[in-house]
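A.B. asks: Before I ask anything, here is the structure I am working with.
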Amino acid sequence: MSFQAPKGTFDWLPPRSERVLAVREALVAPLRRAGYGYIETPVFEDTQLFARGVGESTDIVSKEMYTFPDKAGRSLTLRPEGTASVVRAVLQHNLHNGQLPVKLWYSGSQFRYERSQKGRYRHFWQVGAEALGSEDPALDAELIVLAAHGFATVGLKGVRLLINSLGDKTCRPAYRAALQEFLRGLDLDEDTRARIDINPLRVLDDKRPEVRAQLDGAPLVVDHLCAACNAYHEEVRSLLSASGVAFEDDPRLVRGLDYYTRTTFEFVHDGLGSQSAVGGGGRYDGLSEMLGGPPLPSVGWALGVDRTFLAMEAEGLLDESTESRLQVYGVPLGDDARRRMFLLISELREAGVSADMAFGGKGLKGAMKGADRSGAAYALILGERDLAAEAVQVKDLTTAEQTEVPLAQVVDVLKGKVQ
Ligand code: HAM
């Protein structure tokens, strides 16, 4: 019997796995330069944290959570996203009583029991950033600019930014009522009708053509913003324009999580098919209070690393074969040579040269094949005659040129060659 990775999950294998590490790093680099500190929270949390934080009416909470009782009967859930956990950690450790905003970034696995397809997985990776405790349009703009820089750093050209405002507790209730009234007049199935009461904004996000066709005249939140929300949104837009970050107003942009207020945005890539969002986020001024904390106006985003990678593939950014990290490959011939090679390879590694050797007692032919496949620049061939002469053959694998070097000098010689 053989096992397969669970449905909706996959393995990252070399050399792609090395590339994805670099992509995560590149997405994070702009955050580090902007004063965001690294936070790591547990992969599982109290189920109620997500139920309350993300919202009972969302697909994430109602259908997609990996929830299980632990042995003491606590209900735990594998995190479907990072924001609720970050707010929980900030409140728990009183970070909000220090300098504001608290700026944090994270990078890690998220889990959602979604219908899996290309770009939509049950286990996926996000890089995220949250700035907590400030109501300032410059902070919303900063985060959006940093995400745009991240995508630019990995070379993506086809990322589009969509933005919207969802209003706040002053103007949202009236908009919600207007939307509900409009939606009640439509021809919708029972599930969708139920949604009108719980979360009418989500109906705007319905992808089915028969629903979409009826939504044309739906009231838009931008037309119902109060003066404060309007001014805030205009300021975010003008800071983005001044920063040279292109965006498109999308008055129908709604997000799949309930905590958003005011600014919301999504980064989409057209090379990805239906799962086009490579990142998204927004302001969540009420989340802290929803979790029992004090008012803590905040904003943040998460970028989907797997989808960013797919977008890079779609743009042909990953085509060139990856360079090997190995510089030297040892080819020992015989047991004594193998013992000596083992030590020599260690010495090279300690000296900062990346090195590997043939294992499993291969003969010269097999071991040389290994050297070629490894991508190393040099092979070190050590036979019995070499050992007796306290020397080793250094073969340049590009030119096939071979020179004999005393064992006592070979580390220095190779260091000189590869650095
Ligand atoms: P989200 O839009 O649910 O937001 O996820 C952010 C990104 O994660 C998406 O744009 C997408 O690239 C990626 N993603 C989501 N689900 C999947 C999946 N099943 N498979 C692959 N990639 C996926 C959040 O999670 C919020 N916490 C963002 C945020 C932070 N808002 C404020 N602060």
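Even glycines carry a Cβ here, placed using N, Cα and C.
Bear in mind that TrEMBL entries carry predicted annotations, made automatically and left uncurated.
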A.B. asks: Which of Arg112, Arg115, Arg237 shares the L-histidine site with Glu81, Gly82, Thr83, Gln126, Glu130, Arg255, Tyr259, Tyr260 per TrEMBL?
C.D. replies: Arg112
A.B. asks: Output: those binding-site residues from Glu81, Thr83, Tyr260 whose CB lies less than 6 Å from an atom of ligand 1, in sequence order; none if no residue fits.
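C.D. replies: Near ligand 1, sequence order: Glu81, Thr83.
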A.B. asks: Please give the greatest C-alpha separation between any two of the L-histidine-binding residues Glu81, Gly82, Thr83, Arg112, Gln126, Glu130, Arg255, Tyr259, Tyr260, in angstrom, as a whole number.
C.D. replies: 21
A.B. asks: Provide the number of Cβ atoms within 10 Å of the Cβ of Arg255 (L-histidine binding site), excluding the reference atom itself.
C.D. replies: 20
A.B. asks: What's the number of neighbouring CB atoms sitting within 10 A of the CB on Glu81 (L-histidine binding site)?
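C.D. replies: A 10 Å sphere around the Cβ of Glu81 (L-histidine binding site) contains 20 other Cβ atoms.
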A.B. asks: Among all the protein chains here, how many other CB atoms are within 10 A of the CB of Gln126 (L-histidine binding site)?
C.D. replies: 23
A.B. asks: Tell me, by DSSP, whether Thr83 (L-histidine binding site) is helix, strand or coil?
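C.D. replies: Reduced to three states, the DSSP call for Thr83 (L-histidine binding site) is helix.
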